[in-house]
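Asks: Starting off with a structure, shown below.
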Amino acid sequence: MHRIVDTDDAASIIGRHQHLRYNPLRDTWVLVSAHRMKRPWAGQVEKPPEEHTPRYDPRNPLCPGNTRANGEVNSDYDSTFLFENDFPALQPDAPDPGSDQHPLFQSKVARGVCKVMCFHPWSDVTLSLMKKQEVVKVIDKWAELIEELGTTYLWVQIFENKGAMMGCSNPHPHCQVWASNFLPNEPALSDRCQRAYYQKHGEPLLLQYAKQEAEKKERVVVETSDWLAVVPYWATWPYQTLLLPRRHVLRINDLTTEEREGLADIMKQLLTKYDNLFEISFPYSMGWHGAPTGPHLNKDNSHWQLHAHYYPPLLRSATVKKFMVGYEMLAQDQRDLTPEQAAEKLRNLPEEHYKTRENLEKGGGKEKDGEK
């Protein structure tokens, strides 16, 4: 019986052959199959996103002064704008189903609030196209919401679904904020994994990870003195990124003024690169994970490190996306493009937004008012 000897070194195997990678935030493994990018694509092709969104649409319920589905009228806002979600998934006064149940049919009370936060009064801008100080105002509002809702609720989830491909029904720059009396599945898993790493190594998992990535450079997309954006070693989505502060920070409201300014800078840089990849308004779902709040405010959360996840679905072009089906649903996560390849592509993209370049070429040197 002959044993097959693979003479490839580790770097070659990782770059060219299938292998598994460990995700320490979820205690799971990802199958990386780099060779599959060579296969021809004859599957679903998405409709390119609409690139001509009007600045104001009287039918858009998120625009200033417009009436929403429940009859409420938006203020004539000129910055961020926050309101209660008209169709909330969580309400503060839900009844308790009780605990006397069969172990296979358990229920618990779920209470909370859901809010919608508009970033800007114009529908034709996104975070990548907003001015830096406008993005800082968004960050300040996020911090204010963590501070306010965190006094009552155990978890405050800030998330943004951008683009119709990610289920966004309103072409207007906005996010959602759901606060709950329970710790949802993903942060609960992340809490357990970060705690276990801290107890074993005496340092926050993501703080050590950021240091390692900053030294290796191969998965870094953008970096500043206070922040690091990388395609994580264990990324599942093709151009998934992880945004990390270099300092040990538990929650958004713990960021200094300088760190918030730096966060606005790196967000604009990262999202500009996303848009430049296929020269479209890049779709994604993103969200912030920080230490739990409510009763956890008085507990030791040293194992936590603030971070943001970006999950974009696009794979090969503006119209071909990654599907999480079949093997991913029934076995485990799988990706084709390696994280190193994805990071290199993003890293090498221009820092100037393609729309700014187009406007300069078409408009005789004048930039659009909402762009920097």
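Quick reminder: no glycine exception, Cβ is built from N, Cα and C everywhere.
Curation does not apply to TrEMBL; its annotations are automatic.
These came from TrEMBL, pasted as-is:
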- His174: active site, tele-UMP-histidine intermediate (ACT_SITE)
- 36-39, Ala69, 85-86, Asn161, 167-169, Gln176, 322-323, 327-328, Gln334: UDP-alpha-D-glucose binding site (BINDING)
- 47-58: compositional bias 'Basic and acidic residues' (COMPBIAS)
- 17-184: domain 'Galactose-1-phosphate uridyl transferase N-terminal' (DOMAIN)
- 192-357: domain 'Galactose-1-phosphate uridyl transferase C-terminal' (DOMAIN)
- 42-62: region 'Disordered' (REGION)
- 346-372: region 'Disordered' (REGION)
Asks: Mind telling me which of the binding-site residues Asp86, Glu328 has the densest Cβ neighbourhood, counting other Cβ atoms within 10 Å?
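Replies: Counting every other Cβ within 10 Å of each candidate, the maximum falls on Glu328.
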Asks: Round to a whole number and give the Cα-to-Cα distance in Å for the pair Lys322 (UDP-alpha-D-glucose binding site) and His174 (active site, tele-UMP-histidine intermediate).
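Replies: Here the two Cα atoms are 24 Å apart.
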Asks: Can you tell me the mean pLDDT for the domain 'Galactose-1-phosphate uridyl transferase C-terminal' (192-357)?
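Replies: Mean model confidence (pLDDT) across the domain 'Galactose-1-phosphate uridyl transferase C-terminal' (192-357) is 96.
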Asks: How many neighbouring Cβ atoms, not counting its own, are there within 10 Å of the Cβ of Lys322 (UDP-alpha-D-glucose binding site)?
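Replies: 21, counting other Cβ atoms within 10 Å of Lys322 (UDP-alpha-D-glucose binding site).
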Asks: How far is it from Cys168 (UDP-alpha-D-glucose binding site) to His174 (active site, tele-UMP-histidine intermediate), counting Cα to Cα, in Å?
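Replies: Just about 10 Å between their Cα atoms.
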Asks: Please report the distance from the Cα of Asp86 (UDP-alpha-D-glucose binding site) to the Cα of His174 (active site, tele-UMP-histidine intermediate), rounded to the nearest angstrom.
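Replies: Here the two Cα atoms lie 15 Å apart.
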Asks: Using a 10 Å cut-off, grab the number of neighbouring Cβ atoms around the Cβ of Cys168 (UDP-alpha-D-glucose binding site), all chains included.
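Replies: Excluding its own Cβ, Cys168 (UDP-alpha-D-glucose binding site) sees 15 Cβ atoms within 10 Å.
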Asks: Roughly how many Å lie between the Cα atoms of His174 (active site, tele-UMP-histidine intermediate) and Glu328 (UDP-alpha-D-glucose binding site), rounded to a whole value?
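Replies: It is 30 Å, counting Cα to Cα.
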Asks: Counting across all protein chains shown, how many other Cβ atoms sit within 10 Å of the Cβ of the residue listed as 'active site, tele-UMP-histidine intermediate'?
Replies: 21
